[in-house]
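Peer 1: This is the feature table in TrEMBL:
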type     : residues : note
DOMAIN   : 1-339    : domain 'Major facilitator superfamily (MFS) profile'
TRANSMEM : 21-43    : transmembrane segment
TRANSMEM : 49-67    : transmembrane segment
TRANSMEM : 87-108   : transmembrane segment
TRANSMEM : 114-136  : transmembrane segment
TRANSMEM : 157-177  : transmembrane segment
TRANSMEM : 197-215  : transmembrane segment
TRANSMEM : 227-246  : transmembrane segment
TRANSMEM : 252-275  : transmembrane segment
TRANSMEM : 287-307  : transmembrane segment
TRANSMEM : 313-331  : transmembrane segment
Amino acid sequence: MASIVALLFKPLGGMLGDRGLQFHMMALGAILGALAGGLYIGATLLGSLLLFAIGRAIHGFGMALFFPSSLSTAIDLAPEGRVGETLGWRGMMFSLGNLIGPALGGFIADARGFIAAFVLTVGLSLLAALFVLATYSKIGKRLKKHGDKGGASYRELLRVSFIAASTSLFFMSLAYGGLMTFLPALYKSLGLGTSAFGLYASVMGGASLLTRVFGGREADRRGPLPVATVGLIGLIFAYIFLVLYIEPPLSYVSAALLGASFGLAVPSLQMMALARLPQRIRSLGSGVYTMFFDLGYLTGPVLLGYVAQLWGYRAVFPPLPAIVLLSLLAAQLPRLLKKKVEAEG
């Protein structure tokens, strides 16, 4: 529910951010996250599935407001020549939250129940809103003055680099969605328990933390496309290794390689898509770009689910290297077109 609502409303969140409301959108998105947490508490107390579904929808809408402006603001505030590094730091914080959040929430739920875990959701969301407002009070006006002078057309979103990076992100997230859906299902069917995939995800997340900032810095030095290319090639080899050694403990090698490769590819593709967009349309660009991740992440389990139904869970994983190969080829579009123009010239 939350992912679908976020997918549908991210362009709206981006357009509002482009009207000079980036910090407002981030604060409102965080507050809506707190409201959703309150509804989760009410749903738990009342045993209401409807109330929980409403909370998920509100949470998704909050995400649609928060994330486009968060991504565009990181680029807007990046020091000269350090956009990739800034995106790497932002991505590292996001990965760290995804790594700690489920573990902390699960621990609190086991110890104190789901209501206590949802209270934590409310508290952290309100804390995020306070951080946004505190930052806005110091640099919000400066950011407005720093903006582009004159208008900027949304046709800029048809830039080859934006289309290539977005398409590459779609295929990368399609494979990732399949991995995150069917690897835990496979491990459960093998009787390995939830801890086997939990460790896999932790290794992957930890490796991603180690390379995010490095990948961003290298994108600043060498350009985003070469670094994204290395990251995507790493993903292909990681998925091949997973196909060959899908059971623990050897499968954890693929988890480490996947995480390290994501750390290179993600900030580089973000920089490739968004860094050259005019500031006045960057929030919408961020919304559209991240929509491709949501679309791939939602599509992957559906398409690969048919494979699982026909041939079993193990059959899901051999197509993943080919899917990421499509991601790699899509990312090369600017380079291929440049060579074509040079050849014709």
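The backbone N, Cα and C atoms fix where each Cβ goes, glycine too.
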Peer 1: Given pairs 6 or more apart, does the transmembrane segment (114-136) have at least three Cβ pairs under 8 Å with the transmembrane segment (87-108)?
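Peer 2: Counting Cβ pairs under 8 Å (6 or more apart in sequence), the transmembrane segment (114-136) reaches the transmembrane segment (87-108), since there are 3 or more.
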Peer 1: Is the transmembrane segment (157-177) in contact with the transmembrane segment (287-307), using three or more Cβ pairs under 8 angstroms as the rule and ignoring pairs under 6 apart in sequence?
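Peer 2: Yes, the transmembrane segment (287-307) contacts the transmembrane segment (157-177).
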Peer 1: Within the domain 'Major facilitator superfamily (MFS) profile' (1-339), what mean pLDDT does the predicted structure show?
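Peer 2: Residues in the domain 'Major facilitator superfamily (MFS) profile' (1-339) carry a mean pLDDT of 92 in this prediction.
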Peer 1: If we call contact 3 or more Cβ pairs under 8 Å (sequence gap 6 or more), are the transmembrane segment (157-177) and the transmembrane segment (313-331) touching?
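Peer 2: Checked: the transmembrane segment (157-177) vs the transmembrane segment (313-331), in contact.
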Peer 1: When you look at the transmembrane segment (21-43) alongside the transmembrane segment (49-67), do they share 3+ Cβ pairs under 8 Å, ignoring any pair fewer than 6 residues apart in sequence?
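Peer 2: Counting Cβ pairs under 8 Å (6 or more apart in sequence), the transmembrane segment (49-67) reaches the transmembrane segment (21-43), since there are 3 or more.
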